[in-house]
């Protein structure tokens with residue numbers, strides 16, 4: 001019976017830890033989309049001709065402004081260094097989940113960039 005209680009406690013703690021990291025990953029994906037919207041709004045409000053962003057014009061590790069410039073379905077433009085990156089977490093399961101969220105966010109924000 002003691003083992004059952006221990007198993008329940010461990011499962012509860014593991015679920016809580018996974019939920020916290022899942023929220024962090026979702027927040028990171030959302031912040032990438034918000035960054036794209038802000039950049040697009042700044043370009044649209046300005047009087048000068050907005051910069052033309054080419055879809056898939058930057059490889060992983062190159063400088064970028066918007067997510068759609070980075071090549072790869074789950075590649076995003078990192079918020080702080082503004083470089084294309086794909087890895088979300090060191091944990092393979094969380095990384096896979098985060099890349100899925102990135103891919104969904106990229107699918108939504110693709111209209112910012114022109115196709116080549």
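The count begins at 1 with the first shown residue.
Each residue, glycine too, has its Cβ placed from N, Cα and C.
Lifted from Swiss-Prot, the feature list:
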DISULFID  56-71  disulfide bond
DISULFID  64-77  disulfide bond
DISULFID  68-113  disulfide bond
DISULFID  70-84  disulfide bond
SIGNAL    1-19  signal peptide
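Feature map: Swiss-Prot annotations on the structure.
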{"residue": "56", "record": "disulfide bond", "Cβ neighbours (10 Å)": "14"}
{"residue": "64", "record": "disulfide bond", "Cβ neighbours (10 Å)": "23"}
{"residue": "68", "record": "disulfide bond", "Cβ neighbours (10 Å)": "26"}
{"residue": "70", "record": "disulfide bond", "Cβ neighbours (10 Å)": "27"}
{"residue": "71", "record": "disulfide bond", "Cβ neighbours (10 Å)": "15"}
{"residue": "77", "record": "disulfide bond", "Cβ neighbours (10 Å)": "23"}
{"residue": "84", "record": "disulfide bond", "Cβ neighbours (10 Å)": "22"}
{"residue": "113", "record": "disulfide bond", "Cβ neighbours (10 Å)": "19"}
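Listed in sequence order, the disulfide-bonded residues from 70, 84, 113 having a Cα within 10 Å of the Cα of residue 64 (disulfide bond) are 70, 84.
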